[in-house]
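The annotation region 'Disordered' is assigned in TrEMBL to 229-286. The compositional bias 'Low complexity' annotation in TrEMBL covers 257-268. Taken from TrEMBL, the feature compositional bias 'Acidic residues' covers 274-285. Annotation comment: TrEMBL describes 420-541 as domain 'PARG helical'. If you look up TrEMBL, you'll see 550-750 marked as domain 'PARG catalytic Macro'. Taken from TrEMBL, the feature active site applies to ASP580, GLU598, GLU599. Annotation source TrEMBL lists substrate binding site at ASN583, GLN597, TYR638.
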Amino acid sequence: MFILEQEQESNDNSENPAVDVEKLFSENGDSPELMLNELSDQDMIIAADKLSNNETLNKLELSGVAIGEEVGQYLADILRNNTALTTIGLSSNTIETAGAQLLVDPFRNSKTLNEIRFMSNEIDDEGVQLLTNALRNNTTMTNLHLRANRVGVKGAQHVADALRNNKTLTELALTNNNIDEATQHVLDTSKKSTELVIAEVDEKNNEKRTKTSDVSQEYDDNFEEDMDNVEKNLPDEELSSRLSNYDEDSREGQFYENKSSQNESSSQPIAENSEYDNVDEEDDGTYQGVPLSEITNVCQQPPTIIDMKDVCERTHTFLIKPFKYTSTDPDAEPQAFYENGTYVDEWDQNYVRLPCSQSYINKNGTQRWSIIQESLIKLQHLAETHMASMDDIKETIEECAGRNYELNCLERLLNEVYTVDERAHFMSIVLSNICTLALNVDKICSRPPPLLRIGSNRTVTMSQKQAASLLSCAFFCLFPRRFNQKVGSEYENYQNPNFNTLFQGGRKGGTTWKLQKLKCVFHYFHRITEKMPNGVISFRRYQLPESCVPKWTESTEPLCKIHVTKNKTIEDMDGLLQVDFANKYIGGGVMNEGCVQEEIRFVICPEMLLSLLLCEVIQPNECIFLIGCERFSSYRGYSTSFQFKDNYIDETPKDSWGRKLCHVVAMDAIAFYNRSSQYTIKNMKRELIKAYTCFRVPAALTDLKAGIATGNWGCGAFNGNKQLKAIIQLIAASQAGRPLVYLTFRDQNLVLSFYKVYKYLLDEKATVKDLCTYLQQYTTLYNKITLFDYIIETPVSSL
């Protein structure tokens, strides 16, 4: 796949300088799969012209482009002239009725298109009428996705009318619209098309489910993990070009999972997280395996760990002096590594380039820090005198960063979403504190943290106050050179930690869920303004040594204990290693439209955002541990229904370093755009090594083998098969000698089927090598039988 996206230059005052579209197409334009992402109108017109007579393109993903009349007409020409195009994704393009009208004729007359994805646009009842009219006599379309638009009761009626004549459509996705009352009518009308799958909205708890009209079985849809970590890169072993995420990162494209016949329902929860609070799993019959308490009590809490003063500084950098937390003195505060306001600078490719560095200079030789200080002091004075406005914030950010920004999402939050009191409190009290924390980053941190580069096997530990200071710098977009992620640039393999993209909203001022994410982050700033937390956090990059890769087909390790449940979420699992279904560019789309498991975790625990500042792209044999990050917000919903709910008091106990006993590991999966490729030996081995890298405990720390809390890793937009990923993670956990808590996110069928297979394997006395042999043999059988059925029908003795 070839991905074309708008790149950013660090030395240009414009945010989106021109891209050499001509050159990119001359080198890659014959690719059968293209992703065009966040291009300017002019670049989009050039790209459309290049594609107008393309005869090889069969899949086109277009995201983050304002499709007006001119661009829409070019896009319509592509659809008319292309004779091979089968799939088109047009999500998150603010398409309204006028834009939809331009595409009606091409859709109606296409002889090859079988899938159209219109998620997260502005299509209303009139727009959906135009689109569904094109389907009345279409004989090739099988999948139509209209999630997260503005379709209402009348629109659902138009859908029903169109389906009376259409006999080929097999999947229609309508979740996150306004169609509660009309959905049943659509279902009733479409029964003639017996294979049709329609998303339904349950009024009682906003659950998304699917029904087939000829089968009574219900299975969870949960919005398919729609924006679940579609990698900022394409799959590691398949392509080196970058994949821009719809929801996972700053280069947003969009891939949505289609339902397949083999257990490919979604893998993430969509209901309010508090539904899962206080569930007594021991009594409600929703779990299988050992009781949860048998796994959570495996390790001593808190565990015994080495004192900071005894840690080797070659592999561990502390921004604080050696510190020991005790429950008898809970208010003790860590101190900066260098005291009395001393700042010891590092300004090279191995360290975070802090804005307070004397080496941060303009082209004319003047120091940027003095300009930044002047601007922040001015804004702080306005805040303290209750005179600060949104224009003042924008002016300050632009002066500090030396470039212009569109900050419509931030403006909408402050001027439309916040109440008068909330706005007044933020613009005076909270904003002043953010200024103070940014202005004193040199004194608070005393030295820059090192970057956690590929293969570094290094840890960075800092106080929560230091984290707050760094996040305040990100608020004002102060980290230099991070805007430029062009190939060959210094930070091409890093995320942009600055908040400029989080503040952007386009002409609509940002999606509702992006505003809610911003609300969570601002609540964090509100909390630290009320009282600065005095804990400690760590970020650790780990690379599995080649010598430690198991000989899988020789391993006689027995299967680990498991607890399988549908009623809990990963962040509920205190005392366990919690898996972040990560993007290989950590944080995924948290700064953009991303709003699934990883992004939600990062905004309710904003200290995790610092991993974007520190961490280079994760390699197949690497992972990132985020240790001690505090949770500040509660939430409801998921993906497009996500909402900040309320304040959250994190009462997780601390270890002797002052870190909350919350260990999260970022574990990135391969994105399988060709579903069958996940069953190759090469890709199964990659996923197995990735999981083992995350689960393995070094020999010196065997007393820290806490259980693992995970679930349907990479089974949404990455198209991973749930059964395969369950077995892979079972193998990795067993090899690592750690019990497994597997959270199916309300999929009771998976709870029962996974445990049934597990119990069979126990009875057969299966070991790690036996499970690996099953996977090897399954590589040619995946399209004939499910993995679970194959295992149960194949005795271990016959392997």
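Glycine is treated like the rest: Cβ placed from N, Cα and C.
Remember, TrEMBL labels are computer predictions, not curated facts.
Positions of the features from TrEMBL, shown on the structure.
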residue	record	DSSP class
ASP580	active site	strand
GLN597	substrate binding site	helix
TYR638	substrate binding site	coil
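Here the domain 'PARG catalytic Macro' (550-750) has a mean pLDDT of 94 out of 100.
Using DSSP to sort the residues of the domain 'PARG helical' (420-541) gives these counts of helix, strand and coil: 63 helix, 14 strand, 45 coil. Considering only the residues assigned to substrate binding, ASN583, GLN597, TYR638, the longest pairwise Cα distance works out to 18 Å. Counting other Cβ atoms within 10 Å of each Cβ, the active-site residues ASP580, GLU598, GLU599 show the lowest value at GLU598. Between the CA atoms of GLU598 (active site) and TYR638 (substrate binding site) there is a gap of 11 Å, rounded to the nearest whole number. Cα spacing between GLN597 (substrate binding site) and ASP580 (active site): 7 Å, rounded to the nearest whole number. Counting only the Cα atoms, the space from GLU599 (active site) to ASN583 (substrate binding site) is about 10 angstrom. Other C-beta atoms found within 10 angstroms of the C-beta of GLN597 (substrate binding site) number 30, with every protein chain shown included.
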